[in-house]
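Participant: My questions all concern the structure below.
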Amino acid sequence: MATIKDVARLAGVSTTTVSHVINKTRFVAEATQEKVMKAVDELNYAPSAVARSLKCNTTRTIGMLVTQSTNLFFSEVIDGVESYCYRQGYTLILCNTGGIYEKQRDYIRMLAEKRVDGILVMCSDLTEELREMLDKHADIPKVIMDWGPISSQADKIIDNSEEGGYLATKYLIDNGHTKIACLSGHFEKAACQERIQGFKRAMKEANITLNNEWILEGNFECDTAVMAADKIASWQDRPTAVFCFNDTMALGLMSRLQQLGLRIPEDISVIGYDNIELAEYFSPPLTTIHQPKRRVGKNAFEILLERIKDKEHDKRVFEMHPELVVRDTVKKIN
């Protein structure tokens, strides 16, 4: 097995130079980099991660806790994180928790044992139990990427769900809709509570009376959207528009309503939330609230790198602002 000395000898440079090229820890002339990397390829040299971590006190690995990586919103954020990890020479360890505390606890312990340089947390709800578990590992830099209370030991990115809920509802109202239903995720989720607050604020500003029976609880997946569509279609006095708290439910709702013979948006308008890639290509293309998912991933990784370099820095909170994306699923009725 080739060693760093073999690489240095073949490239005609010092072992220190080889180390800087491989670890990207100092500027090295491009011609020298090419010689070193050519020698690395010829010798099939692979640096020892264990030796490097002992010497540099870093493993160049990042852990990421997510509720479910197959969720289209999460997957686009993860893609952004992974891309920037790769560019910076970091390895990403992805931990799917399913929202189960025992898995969250075990993964955090495993990441601590692996001496990861930092942890990104993107769970569908940051419970008090999970917050306490994260705070027990205060020595590991962390960024909380979405919902839940602000951890005393972590930086946080806030998605401003209340603002997004307000924007979606106001757009429906501006297009003449007063009979508006909303399909939420689980009511106890912080993001859902905030989006409902935004929904209610827009309705109150427009002096529109709320029908609490039209605030439906889902689970951010298609199955509950199908059940909600069946319920809405069965009502004699139906809403003219539905605000869905994510695009997955919006697309599921639209599909089922169309199966039941209701046209979108002629018979009922729909607005979603997240602006996942699929939303643009559905028929009709979905009007929605955009969250900058890949930028969230990039910013979270950059913030975490800053925290890794300066663990004593004051805790930071960064805000992201949702934006309306107008497509073809909202009918103007005034």
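FYI, residue positions are counted from 1 along the chain as it appears here.
Even glycines carry a Cβ here, placed using N, Cα and C.
The model shown is predicted, which means the values in this text are computed figures rather than measured ones.
The DNA-binding region feature in Swiss-Prot is assigned to 4-23, 48-56. Sequence annotations record features per position, and here Swiss-Prot assigns hypoxanthine binding site to Phe73, Lys189, Phe220, Asp274. Per Swiss-Prot, the feature domain 'HTH lacI-type' maps to 2-56; the stated evidence is sequence analysis.
Give me the lay of the land around each of these features.
Facilitator: Helix, strand and coil content of the DNA-binding region (4-23), in residues and according to DSSP, is 17 helix, 0 strand, 3 coil.
Cβ neighbours of Phe73 (hypoxanthine binding site) (same chain, under 8 Å, six or more residues apart in sequence): Asn246, Asp247, Thr248, Asp274, Ile276, Gln291, Lys293.
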Participant: Max CA to CA distance in Å over the hypoxanthine-binding set Phe73, Lys189, Phe220, Asp274?
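Facilitator: About 16 Å separates the two most distant Cα atoms.
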Participant: Give me the mean pLDDT over the DNA-binding region (48-56), rounded to a whole number.
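Facilitator: Mean model confidence (pLDDT) across the DNA-binding region (48-56) is 61.
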Participant: Tell me, by DSSP, whether Asp274 (hypoxanthine binding site) is helix, strand or coil?
Facilitator: strand
Participant: Can you check what DSSP calls Lys189 (hypoxanthine binding site), collapsed to helix, strand or coil?
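Facilitator: It is coil.
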